[in-house]
Each structure stands twice: as structure tokens, then as C-alpha cells.
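Trainee: The structure follows.
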Number of protein chains: 2
Amino acid sequence: MTVKENLRPGGRSARVQASVHKAVRELLAEMSRTEVTIPLIAGKAGVTPSTIYRRWGDLQQLLADVAVDRLRPDMQPIDAGSGKADLEAWAEQYAEEMSSGPGREMIRDVLAAQAGANACKCAEFTRQQIGLIAERAKARGEAFPDVERVMDQVVAPIMYRILFGDVPDAARVRDLVARVMDAAL
Amino acid sequence: MTVKENLRPGGRSARVQASVHKAVRELLAEMSRTEVTIPLIAGKAGVTPSTIYRRWGDLQQLLADVAVDRLRPDMQPIDAGSGKADLEAWAEQYAEEMSSGPGREMIRDVLAAQAGANACKCAEFTRQQIGLIAERAKARGEAFPDVERVMDQVVAPIMYRILFGDVPDAARVRDLVARVMDAAL
């Protein structure tokens with residue numbers, strides 16, 4: 001789905017996308033995902049099914065596209081006073097959100113789509129958040145680990161355990177953060 | 001899917017399962033996954049569709065069940081002479097297999113099923129392999145990290161990067177192994 005990147009805000013294409021995304025979100029709130037179909041979405045969005053097929057290819061791609069949009073961070077990481085405290089607060093919230101029912105469904109939708117572009121975008125959002133925490137730490141003159149190391153040692157274990165059925169508790173998350181921070185000193 | 005755990009080998013139930021799994025594997029070799037349907041599988045396996053629905057619930061669960069079976073390790077980790085060499089050889093093979101086309105499809109099938117039991121089973125297979133490497137290292141009198149730490153610092157980053165579109169190369173895998181081994185010393 002590279003479509004949405006080049007939309008002129010307010011243009012026809014952007015309006016169609018907004019309306020279709022909204023229809024999907026509303027239907028997902030009303031019924032189980034297995035009941036959602038492209039004709040239903042089209043009806044609710046006021047577009048023809050063929051508009052949706054032309055633009056998204058299939059239902060799975062559309063669901064992935066909507067899921068990525070919802071996974072886009074809507075705030076800067078909290079400033080908790082130090083790099084370690086920032087990373088801890090961020091990681092605990094990340095683990096909590098991603099392991100929630102809606103969080104898991106969004107991850108599943110993103111990963112289920114055949115093309116990997118949406119999954120990459122998700123990891124990119126995460127990388128940017130860690131990058132912001134790292135910049136803030138450096139501006140304070142603190143040591144902070146490399147962003148890729150935080151991806152490997154904090155983000156990846158949280159996501160792996162959520163996906164493979166062993167949701168990490170706050171103590172485990174803090175332990176992951178402590179280990180990567182200690183290594184950076 | 002707890003069904004298959006309690007099968008009497010050679011019993012009717014085990015024969016049905018073996019035949020259905022075989023039909024799925026053959027169909028997946030012949031056609032794309034989106035073309036595989038329960039009636040097709042039933043026809044090939046010589047059972048009625050309702051047998052499949054009763055036993056697996058839906059196509060996604062059946063695909064996940066077959067995928068887990070294929071993800072079950074079919075060999076002991078290679079003995080390369082030391083814990084570090086064993087873990088390196090194992091991790092490189094794991095990264096290679098899981099990032100291959102069939103590997104990704106199997107992971108996607110396992111994760112797509114609503115119930116998480118199959119995903120847990122996959123992580124359990126991996127944990128057992130690492131456990132074998134750890135025992136061998138200890139029998140040789142070597143220091144070896146805790147299995148959960150290897151899951152967090154080697155397995156999780158490999159899987160995260162494969163899923164989120166940034167397949168780790170051999171150098172990155174060796175780097176992950178070196179880091180966790182150094183910390184264990």
C-alpha cells in the first residue's frame with residue numbers, strides 16, 4: 001500500500017480513503033472481524049465495492065492499511081526526566097497496548113497481509129519513538145544505547161512474547177530496559 | 001487445538017488427522033493458499049467437509065495446525081564443539097529457515113489463527129532446542145546464558161526483524177549470539 005503516501009489532503013482520493021477507513025473502524029466496533037466484508041464496507045462508506053478492490057486489492061490489505069493507521073503513535077514519548085525513565089515508561093505502555101485485544105488484532109492484521117510494507121511501517125513508527133527518546137537523552141548529556149540495540153533487546157522481546165503467547169509483565173519489561181541501559185554505560 | 005495431543009497412534013482419529021494434514025500439504029504445494037478450501041481438502045483426504053469443520057473449526061485453524069507440525073524441529077541442534085558455536089549454528093539456520101518463503105507462510109499461518117495455542121507450541125519448540133544446547137554446554141563445563149535470556153536476546157530479535165521486514169543477515173545473527181554469550185561469562 002503505497003497509495004496513501006501521495007494523497008493530496010482533501011482531494012477526492014483522500015476523501016475516499018478517509019471514508020473507507022472510517023467505515024472499517026465502525027464495522028469492526030460493531031461486529032466480529034470474520035463478518036466484515038467488502039460489500040458491507042462499501043455500503044457504509046458510500047463507494048462501490050470495485051472502488052475498494054481497485055484501491056486495496058483485497059480485504060486483508062485494507063484491514064492491514066487501517067490497522068497501520070491506528071498503530072501510528074499519536075503522541076511523543078512521555079518525558080519522565082531521564083533516558084532510562086523515558087524508555088521504561090514507553091516500553092511499559094507499548095507492552096500494554098500491544099498485548100490488549102485491539103492491539104493484538106491490529107498486529108495480526110498487519111502481519112497477515114501478504115505484502116510486508118505495512119509491517120515495515122509499524123516497525124518504523126516504533127524506531128522513530130525510540131529515536132526521539134534517544135535524542136532527548138543525548139540533549140541532556142546522558143549515555144543512551146544505539147536505537148537498533150533497543151529494537152533488538154527491548155522491542156523485539158516484548159513483541160515476540162506477545163505474539164507467541166507469553167505476555168511480558170511490567171517487571172520483565174523493566175528488566176529488559178535495565179539490561180540495555182546498563183550495557184550502554 | 002488440543003485435539004491432536006491425545007491421539008492414539010494408528011487410531012481412527014489419528015488416521016483422519018494424518019490424511020487431512022497430508023491433503024493440506026499436497027494442496028499447498030500445488031496451488032496458492034488463497035485457492036485452498038475445506039471442500040477441496042476434504043475431497044483429497046477422503047473425508048467429509050463436516051469432519052474437518054467439527055475437528056478444526058475453520059480453515060485458518062487447520063492451516064495453523066499443519067504449519068505447527070511443519071515447524072516442529074526434526075533434528076537435534078548440531079554439535080559444533082562449544083555452546084557458542086552450537087548457538088551460532090542453530091541461530092543462523094533458524095534465521096535462514098524462518099525467513100524463507102515457506103518459513104514466513106508457516107509463521108503467518110500460526111499467528112493468524114485466533115487461538116494462541118499453536119503459537120505457544122512454536123515458541124516451546126524453540127525453547128527446547130535452546131535448552132538442549134544449554135545442557136550440552138553445561139555438560140562440557142562451559143558457562144551458558146539462561147534459556148529465557150537467549151529467547152529474549154537472540155530468538156526474539158531474529159523473529160521480530162523477519163516479521164517486520166528487515167531480515168537479519170548472518171553477521172547480525174552472530175552479533176546477537178556474541179552479545180548474549182559475552183554477558184554470560
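Note that Cβ sites are derived from N, Cα and C of the backbone, with glycine treated the same way.
Quick paste from TrEMBL:
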type	residues	note
DOMAIN	B:14-74	domain 'HTH tetR-type'
DNA_BIND	B:37-56	DNA-binding region
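Each of the listed features needs to be described in terms of its position in the shown structure.
Mentor: Secondary structure counts, DSSP: the DNA-binding region (B:37-56) has 16 helix, 0 strand, 4 coil.
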Trainee: Just to confirm my parser: what is the rounded mean pLDDT across the DNA-binding region (B:37-56)?
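Mentor: 93, rounded to a whole number.
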